[in-house]
Amino acid sequence: MDYNPQGPFADPCPTKTRADLEWDRILEALAERCASRAGKRLARALPFASTRAEALTMLAEVREAFELARAGEPLPSRDVAELEDALDRARIGASLANEELRAVLGLLEAARASRQYLQGRRQIAPTLFAACATNPELDAVARELAAAFDPDGSLSDRASPRLEALRAERRAVRDRLVRRLEDLIQKHEDILQDRYWTERDGRYVLPVRSDAHERFPGIVHATSASGATVFVEPRVLVETGNRMKMVDAEVAREEQAIYAALTARVAEDIESVAAAARALAHADVRAAAARLARDLDLAFPDVPEDAFVDRGASDGAPRPTSIFLNGGRHPLLALDGVKVVPSDLAMSAGRAMIVSGPNAGGKTVALKTLGLAALMVRAGLPVAAREGSRVALFDVVLTDVGDEQNLHKNLSTFSAHVQNLGQILGETRPGALVLLDELAGGTDPREGEALAAAVLDSLCARGGTVVCTTHYEGLKALALGDPRFENASVGFDLATMAPTFRLVIGVPGASSALAVARRFGIPGAVLERAERFLTKEAVTFEQMVEKLSAERRALELAREDAEREAAAARAKRRELDGEIARIREKERGVITREGEALLASLRRAREDLKAAQSRLRGKPTEDDVRAAARVMDAVGQKTSIGGELELRPKDEPPARPAVDPAAIRVGSRVYVPRLRAEAEVVEVLSGGQLRVAAGALKLTTSIAELRGTGAPPPAAAPPQRRVDLDAAADPDVPIQTADNTVDLRGLRAHEAVAMAEQFLDRSLGAGRRVTFFVHGHGTGALRDAVREALRASPYVARLRPGGPSEGGDGVTVAWLKW
C-alpha cells in the first residue's frame, strides 16, 4: 500500500497499541487540565488527525495557546454545563426548564468572552480564532435570556407584562391573607399551639390545639406527628385562599409560556448554539494541552512530508528521517515525576534499531517514548523532547510489548507473541512504526534468534520504521554487515541497581546478567560455574561490548567536561563584555556632563558679549571699554577650554585603514574616531603624540588612535596672494586664514551647527569681521543646515557662497555685525 503524505490516514492506535503504550494515561492527564466537563469528555476521546493539514492545524492551535499562556494571557476556560441533551430536546420543540435555559445563557456568555478574547488576539492566534470563534449573532439571544432572569436565577417579573401583573396580584392577595391571619392569631391566641401561621399544600393555616379545633371553624389540612396540633385553614380565608391558588396556577402557566418562548428563541439559532458549545470544549482542550506542554516541558516538532517517500534509494543510501527526538523523554515517567536522562532517538523508514542492554535498563522505555511521540503528533500534541525534533505522521503504530498469555484461547506467552507478530507483518507498510519488545523471546534461543532476524528483515523490506529490544547476540551482530540495522544500548547503574533510561546510539549493550545476579546476592561459586558454562565466543562478545560501552562513557564524560568549560568561558566573556559596556556608558556620561557645563558657560559668555557690543555701539565710557575688554578675555579663555577638551574614544568605523606613522606631517589629513570627523595635523609631538585640529576644535591624540581618510593627502595650498590694507579693509574682499576658517566636513548636521555657533562666539570675541565655514558639497544637507543657522544668528550681517578660489559652494562666507 502506497503512503500518501497528505492522508487520509488510518487510526494509528489499535486496541493493543493503546494498551501497550498506555495512551489513555496521556489522555487522562490532558482531561485533568480541562476546566469544563465537555472539555474533559472530549480530551478522553481525543481524535487523531486524519490528514496532514488537520494535524498541522491541531499543532498550530496548541502552539498558539502555549504562546498566549507564556505571555501571561492564557486562553480562557470555563466550566460550562453539558447541553447536548437539552439542545436535542429544543430541536424537536420541547420546552427547556429554568436551569437549562440559564445553562444556555452561561454557555453564550462564555462564547462571547472567548470570541472577544480571540478577536483581540487574532493576529497572533489566527488558527485558534478560526477554530474557536463563535457566531456573534448569538449575543442577541444571550441578551434576551439575560433580560428574562433575575440575579438569583428566578424568572424576572420583566419577562412579560402578564407575568408582572399576575405576580403583583399574587402579592396583593397574599398580603390580605397575612393580615387576616395575624388578626386571627391575636383573637384566638388561647386555642393556638403557638403564635405563627404556615402553609400546607399551598393553603395558609394556623396551628390549633387538637383539643380545641372544634371551637375554630375551618378546614383541617394536616396534623403534627404527635397529634397535639391540627393545622386549620380558617373558614373566613377559604375564598381568599382559593383565589391565591388560582393566581398561582396562572403564574405557573405564564412562566411555562415564557420558558417555551425562550426555548423557541434558542431553537432559532440551535446550530450556532451547538457550534458554540463545541468551540468552547475545543478551546478548553487546547488550553489544557498548553498546560500539559508547560508542565511536562514538551516541544513542538517539525512534521516532515517526505519521510516515507520511496526515492528508489539503495540499501546503503541515506533516507529521510521519519522520527528524530532531540533529548526524548518518556512523558508518562515525566508525569510520575521520575527524573530521566534525555536521549536522542532517530529512525528512518525501512530501517530497524536494535536496542540491547540489561533487564530493567530502560529498553522498553525507549520503545514507548517513540510510540507515544508518534501518537501525540497525530493527536495534535507536542512531544516530550526539545526543540528541533522531527516526527512524521505515521499511518499506524504497531506494538508487541510485554508478556501476554491468553488462557481462554490456550495460548502461551510465546504463542501469543507469534500470533501478534503475524498480524504486525500483515499490516506493516511505509508509514508504519513497529515497536517490538524482546522479539521472538520465550523460546529456544537459537530458533528465536533466527526467527527474529527473519522478521526484522521482512519488516524493513515492507518499509516499516522498526525498533526492537533483544538479548540475542546474533541480532546485535546484524548491524555489522547490513546498513538497514543499527545498534543502540541503554544504561544501567550496577552500583545503584537503577536504570539511567539513557539511550546510546551505535553501540550494542551488554546484558550483564551475571553482574546483576552478583549484585542481588547470588553466591560467587554459582556465578563462577555459570561463567564456565558460557562459550568462549559469548564471553568475548560480552567483553567487547562492555569495553565499547566503557570507552563510549569516557568519551561522553570528556565531551560533557568540554561543554561545561566552554559554557563557563562563554559566561565569563559575557560578563566581561557587560563590564566593558558599563565602563563605556559611564565614560559617555562623564563626557556629556563636561560638554553640557562647557556649553552653558559659552552661552553665558555669549550673553555678556552681546551686552558689551551693545554698549560699544553707542557712546561708550571708559568703564564700558574696560568692561568689554574683560568680556573679550573671558570669552577667549572659554573658547580655548572648548578647543582643549579631551573627548573619550567612541566606536570607530572598521572600514578605515590605520595611519602610517612615517607619512604623518604637519598638514596631513587624518580621521579621528573619537570625533567621528576628519582633522588636520597642526603639530607633531614627541612620544607618538600629535596635535590635530578639526575646524576650531583642537586636541592631543596618539598616532595609534588615528585612521586614514581613505583619500590621498591634499596638494600643498598655493601661497596666498598678498593684498594691501585697503583691500583687506573692504568687506567684499575678505582674506581667508586658518584663524577665521572652521572645517565642518564629516560632522552630522546638528554637530556642525553647534560648532558653527561656537566659532561665531570665538570670532566675535577675537574681533573678526569675516568668517569662513567649510562644509563641502556632498548632498547639500550639511550646507543648508549651516546656512540656515547663520541666517538666524543675530551676529551675522550677511553671507554668501565662497568664490572660485575659496572653495565655491562648498564654503559659506559670513560677515559679522559690529
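Using the three backbone atoms N, Cα and C, a Cβ is placed for every residue, glycine included.
Per TrEMBL, the features are:
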- Gly357, Pro358, Asn359, Ala360, Gly361, Gly362, Lys363, Thr364: ATP binding site (BINDING)
- 545-619: coiled coil (COILED)
- 742-817: domain 'Smr' (DOMAIN)
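Look at the binding-site residues Asn359, Thr364 and count other Cβ atoms within 10 Å of each Cβ; Asn359 has the fewest.
Of all Cβ atoms in the shown protein chains, 22 besides its own fall within 10 Å of the Cβ of Pro358 (ATP binding site). Sequence-distant neighbours of Lys363 (ATP binding site) (same chain, 6+ apart, CB under 8 A from its CB) are Val355, Ser356, Gly357, Asp437, Thr469, Val490. Residues in the domain 'Smr' (742-817) partition by DSSP class (helix H, G, I; strand E, B; coil) as 33 helix, 19 strand, 24 coil. Across the domain 'Smr' (742-817), mean pLDDT in this model comes to 86. The Cβ of Gly357 (ATP binding site) has 29 other Cβ atoms within 10 Å, all protein chains considered. In the three-state DSSP assignment, the secondary structure recorded for Gly362 (ATP binding site) is coil.
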